[in-house]
Amino acid sequence: MPLLLVLHWKYGAGSPLPSVNATCATRHQCHSSVMSQIRNQLAQLNSSANALFILYYTAQGDPFPSNLDKLCAPNVTDFPAFHANGTEKAKLVELYRIIAYLGASLGNITQDQKLLNPNALSLHSKLSATADVMRGVLSNVHCRLCNKYHVAHVDVAYGPDTSGKDVFQKKKLGCQLLGKYKQVIGVVTQSF
Amino acid sequence: MKSTVDDARFPELSFSSNWSPWEEVHAHTPEQNTDLIFPRDKLVEEGSNVTFCYNSGINQNISCYLDRELIHGEQLYLNIFTFKLNNVPFIREGGTNIYCAVNYTIKDGTVLFVSKVLEEPKDFSCETQDFKTLSCSWDPGVDTGLFFDGQPSQHYTLFESFSGKKKFCEHNNQCNWEISRDLQETYNFTLTAENYLRKRSVNTIFNLTHRVHPKAPDSIHFNNVGATNATMTWKMPALGNYSTLLCQIELHDKENMRQEHNVSIKVNGEFLFSELMPDTAYMVCIRCANAKHVWKWSKWVTRTLITAEAAPSKALDVWRKVKPEKGLHHVTLFWKPLSKFHANGKILFYNIVAKDLDKKSELKLQSIPAPANGTELTLDQGSYQIQVTANNSVGASPASEIVISGDSGNEEVEEQKINGTKDGFLISWKPLSEDRAGYVVDWCEHQRNLHCELQWKNVGPNTTSTVISSDAFRPGIRYNFRIYELSTEKIAYLVENKIGYTQELAPSDSPQVKAINVTSHSFTLSWKDYDTEAQRGFIQGYRVCLKSKATQCHLDSVAELLPDNSTCCEHAINNPKQKIFLVENLQPESFYEFFVSSFTSAGKSPIGTFTKVTTQDEHSHMLMHIILPMVLCVLLIAVMCYWKSQWVKEKCYPDIPDPYKSSILSLIKSKESPHLRIMNVKDCTPDTIEVVNKSEGTKTQFIGIEKPLTESEFPKPANLYLLPAQDFCVPGPCISFVNHTYSESACDSGSCAHTPVPDTAPPCHLELLASPDNLLNTLEKTHTDSLGEIPAGKISLNYVSQLASPMSGDKDSLLIHSPVPVLCSEYKMQMAVPSCLDSPVLSENGSLSSMTLLGQDKHYH
């Protein structure tokens, strides 16, 4: 399942994965400290989210840095919900959906920014590092769901396809997504 | 709308259609809160005018911005606005945000991509290096590429019209075109640059043989490299035999280009260099071009050519310094190293051969390893011819000869002063003889060093003056120039000796002055020559500065203000040879200070410490004339007195009166005693002394003797017997004195005063027997007692015998027994001592009294 997700993290990916009735089979048993690893990874994402957000809107040029509330407000439609007071299983399922959504969106943003701002190397590096950690979270959550809760399948949704959007809209959507990411990751990290 | 035909193959057919007629389309009113800006992501060229439309929906108060700058807008309808941008500049490759806001709330935005204007390719040309490929290159100008698919960089297309071939170039500044096998002679190329917005083309037409740019020559080798010539060979790659090449060859040494040659070749080249310098590194450069039409030269190829060594071509410049000493000549040879031009290789050693011209024999051969520039030889005072050669690995230089004659080094000529300038010294001289080979002027360049760095200059035989200049010359340094005339036999004769300064300075030091002959009214100052290094110029005289309490100077001196604001009287000495000065007209017993400074044409030496002098007392001289003779006279008299003191003493107050001269004789004679006579020592045989009893604890004090006698030398006799030596006594009458002080009979009587007197005894008055009456009485009794006429019990006086060593001159002295092994002792004055004095003589406490008497002469107990 994670392999499928990773394969689908490509530019333009936006539609939900088709429901796959796969058996819950992992190559290895989860490590006993997998939850601890998930918490650490979330904390790592949470600590770098604001820096990523700042790097992004700075690289887009005026008027983004001075109009964050208008251009980068966390108004992302279809963003997966998260209930912090749910059971661990429910939270892990919701986390799985959120990370899958964010991972796909970050892929699109990274690709766009490499074309739009080829000289913004710090932004490219930060985007790639964030995507790497998210892949790790997704793997660990899947393992936990599979081993402990025997959840073999989670329906996920992705962000809107921006390939047809104009450059300004791409900049704006990317900024909104990173703003939302900064907001959500804090809540998620706190709940675990 | 319009259409355009544009094909590089047919540039003449490029054209655009007319614009289509306008068609009106009604824009829909956007939904609420949905704005619309048009166009989006627009690409324009720098300098274009751009108009944006904005459909604001229900909003009517719209403002749009480009990089925070408000764009002028115009309202077409209620909800339609236009915003115009004129002559937009290129801002960045990533495009520029344009955004619109209602009441400062951003509603929408877009990105405007502004491209730089595509430039026409410059310096478009094609050439071949091998007749296989044409390489075309150009300067593309600015890159018009933009980010994010705004616009890729412009691309280039090469089209050749004669062949009709077209090629898309991979690079934006060069493109390769394959030459057909039939060697198409003429080419007509069109280069087209193109981006999204524009096309630019340039054209060139040329003959292939006129565009030959050969590659650099290779396989360059030097063969048969000698000292003055070498052969160079090389090859031209890839051109084959299609054309003749012209090759340009340059030969450089370190400084300049020495040779330039042009050589025509096909493929292989060869050239012979001649007139080269031995042992020299040359840089050889070569390049080639098409001989018929020089389009471009190949790159220069540089190689280093080092020629072989040859024997040195010039004799060394040799000079010498001769120092005669103890019948020998210490010859120091100097030579200047050969220039590289003449050395023709690395000089390895120098050979020195000295030939004795008198004996016609070769004496010495020295080989001095390089890099020496001199050596020392010790020769006898004969004439020697010295030959010096420089040697490298190939051979020796021509010999340089110099002759040392027997008189060398002994020449003396008078020093002459010359004036130098900053540029050097102009030295002139008078020839010694008509037959001469030249002149040599030598000098020491660094006079401050103990080791003279000898320099010399050779001057032609017909020249009698020269200018000696050197960067090493310094002001204030005395330079000594010796001019030698070289005879045709290479013998050097000293002609003149000149000294001078490039610039004279004031002396740095003053002479050391001593004040001598100080009298009450004058003293003399004296000094000597001092170090020429401190003189720093020719001394022209001296200034004597004299400080005294006197407020006015004498007429022959002037008042001089000193640096410490004191004044002194300055006497001028304008004769540099005068080194003595009499300071006179001084006050006796007065304090003076003086200082002597020297001066040159540049000034005086600095004022140093003044020397203090105090003149003498005026009367001291007179006193010396009186007191000194008086003292001498007194001393003379004293010496005379001392010398004659014995004689005077004998005459005036002898220690031992001569009995024959004594007044006692007259007294004796008056008594007319037949037994009385003068005892002659020679008539007496000394008594034998026998120690009868040795009393412990008795101490004998030897007071007043020159050498104290120890117990080992003398026992401590308690009683001494003076035994008559009957066997040895001469037949004549002999009188022996018995010392009753130690007489046993006297002691046995019990009345002997031998018994120590108690301490409580009244102090005795020492009655000196100086008065004539006492003396006379005493002598009478003594004489009587000695004859045994006085009974022991009635002894009131003890006799103390005083024995003295026989004196050589006293032939008539009395003979007496002595404790020491003396045959006869002189009888000395027999003095009567009161009995009360007897005890102190023997007691320890009484030694003082005894001293008073015994101390007058030598005494032995």
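FYI, residue positions are counted from 1 along the chain as it appears here.
Positions of Cβ are set from backbone N, Cα and C atoms, glycine also.
Unlike curated records, TrEMBL annotations are generated automatically.
Here's what TrEMBL has on this protein:
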{"type": "DOMAIN", "residues": "B:216-310", "note": "domain 'Fibronectin type-III'"}
{"type": "DOMAIN", "residues": "B:314-411", "note": "domain 'Fibronectin type-III'"}
{"type": "DOMAIN", "residues": "B:507-618", "note": "domain 'Fibronectin type-III'"}
{"type": "TRANSMEM", "residues": "B:622-643", "note": "transmembrane segment"}
In DSSP terms, the domain 'Fibronectin type-III' (B:314-411) comprises 4 helix, 56 strand, 38 coil
Integer mean pLDDT for the domain 'Fibronectin type-III' (B:216-310): 91
Helix, strand and coil residues within the domain 'Fibronectin type-III' (B:507-618) as assigned by DSSP: 4 helix, 47 strand, 61 coil
The domain 'Fibronectin type-III' (B:216-310), counted residue by residue under DSSP: helix, strand, coil: 0 helix, 51 strand, 44 coil
